[in-house]
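Trainee: Okay, so Swiss-Prot annotates it like this:
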- 145-354: domain 'ATP-grasp' (DOMAIN)
- 181-236: ATP binding site (BINDING)
- Asp307, Glu321: Mg(2+) 1 binding site (BINDING)
- Glu321, Asn323: Mg(2+) 2 binding site (BINDING)
Amino acid sequence: MRVGLLFGGRSGEHEVSISSARAIASALSAGENASKYEILPFYIHKDGRWLAGEAPQQVLKSGAPLLESSNSSPAENNLVNSQQQTLERWQSPSQVAEVDVWFPILHGPNGEDGTIQGLLTLMQTPFVGSGVLGSALGMDKIAMKMAFEQAGLPQVKYKAVTRAQIWSNPCVFPKLCDEIEASLGYPCFVKPANLGSSVGISKVRSRQELEDALDNAANYDRRIIIEAGVAAREVECAVLGNDQPQASTVGEITFNSDFYDYETKYTAGKADLLIPAIIPDDISRQIQNMALQAFAAVDAAGLARVDFFYVEATGEVLINEINTLPGFTATSMYPQLWAHSGIPFPELVDKLVQLAIERHNPSH
């Protein structure tokens, strides 16, 4: 079976995508998987070009992005460029036609937000992970919160604002900040609604910091969410499956930085993953059940990692967010949670491919 491994992308998480793709390629080539799967890598350059052939192999081998000036692949392998993004260009390369199932491991905007999932749906080929709806809801923090609210899942207080409210009228901005202070207080977190891996997020403790953070977040997205801060432990649960998903052992993240930011997430030694989390059994079961509820609430499929706040003082569990395309790097929580739950990395990747095929070809 030929697996189209799609990685890179134009988002700020390009390097994370490469790291994830390398780990997945290694898992698809390990043990029994080696005789089941043939990997066809496709690399999306930072400039938007889609490359097949030698270029993706080079990136997987080196672990480094191709330079902007690189012209290492022949013209016929330049599948799509930013000037001529047409389905005709997609239909011609033989490599695309040969793919039996796609494994998109593109993090961030244009990767896990439903856009690439829409293209793969149009191609009528199975692909790993959630479809357009689940991906879009899992990416947009505001829409996600609304879905959780509808499902009755407890979460921190939040307020949604737009770039226009922040930038368009200097008379309105102070009033907006007044409302945020009154409803959420300090500390609070300001986040772009549609960026992953904690990009553009600020923790604020004062009016000046709030104003600066809102202005900064507006540079990243036209929709911004502000969440009340909470003194809590950060715990995570992985979900695997389609219509009858399973929840993993619960893990905990501990870190010394102010919050779990981009650098902390992807720098070895900056954060510790404790699996299983040392929490009461009933709390662990509650988190697993809530993870499955969240998975259903956004119509996720295949895989997701669900993040929670555990307020130890009160025993309260609050849902933070769902990530429908979690990282697969060496430091990533998702594969580690399943490894501790009895599913090693190569078996996990195999299951995800099989789930993609099952979802594409439902049976009674």
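Glycine residues also receive a Cβ, built from the backbone N, Cα and C atoms like all the rest.
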Trainee: Take the Cβ of Asp307 (Mg(2+) 1 binding site) and count every other Cβ within 10 Å, whichever protein chain it belongs to.
Mentor: 19
Trainee: Using C-alpha atoms, which one of the binding-site residues Asp307, Glu321, Asn323 comes nearest to Glu181 (ATP binding site)?
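Mentor: Closest candidate to Glu181 (ATP binding site), judged by Cα separation, is Glu321.
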Trainee: Taking the Cβ of each of the binding-site residues and counting other Cβ atoms inside 10 Å, which one has the highest number: Glu181, Glu321?
Mentor: Glu321
Trainee: What is the one among the binding-site residues Cys188, Leu195, Val230 whose Cβ has the most other Cβ atoms less than or equal to 10 Å away?
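Mentor: Of the binding-site residues Cys188, Leu195, Val230, the highest Cβ count within 10 Å belongs to Cys188.
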Trainee: Cα-Cα separation of Ser202 (ATP binding site) and Glu321 (Mg(2+) 1 binding site), in Å?
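Mentor: For Ser202 (ATP binding site) versus Glu321 (Mg(2+) 1 binding site), the Cα atoms are 17 Å apart.
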Trainee: Cα of Asp307 (Mg(2+) 1 binding site) to Cα of Leu195 (ATP binding site): how many Å, rounded?
Mentor: 16
Trainee: Using a Cβ-Cβ cut-off under 8 angstroms and a sequence gap of six or more, which residues of the chain neighbour Glu209 (ATP binding site)?
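Mentor: Sequence-distant Cβ neighbours: Ser202.
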Trainee: May I ask you to report the DSSP-based helix, strand or coil state of Ser202 (ATP binding site)?
Mentor: strand
Trainee: Give the number of CB atoms, excluding that of Ser202 (ATP binding site) itself, located within 10 Å of its CB.
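Mentor: Step by step: centre on the Cβ of Ser202 (ATP binding site), count other Cβ atoms within 10 Å, giving 19.
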Trainee: How far is it from Leu195 (ATP binding site) to Asn323 (Mg(2+) 2 binding site), counting Cα to Cα, in Å?
Mentor: 11
Trainee: Helix, strand or coil by DSSP: which one applies to Asn216 (ATP binding site)?
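Mentor: For Asn216 (ATP binding site) - judged by DSSP and reduced to three states - the answer is helix.
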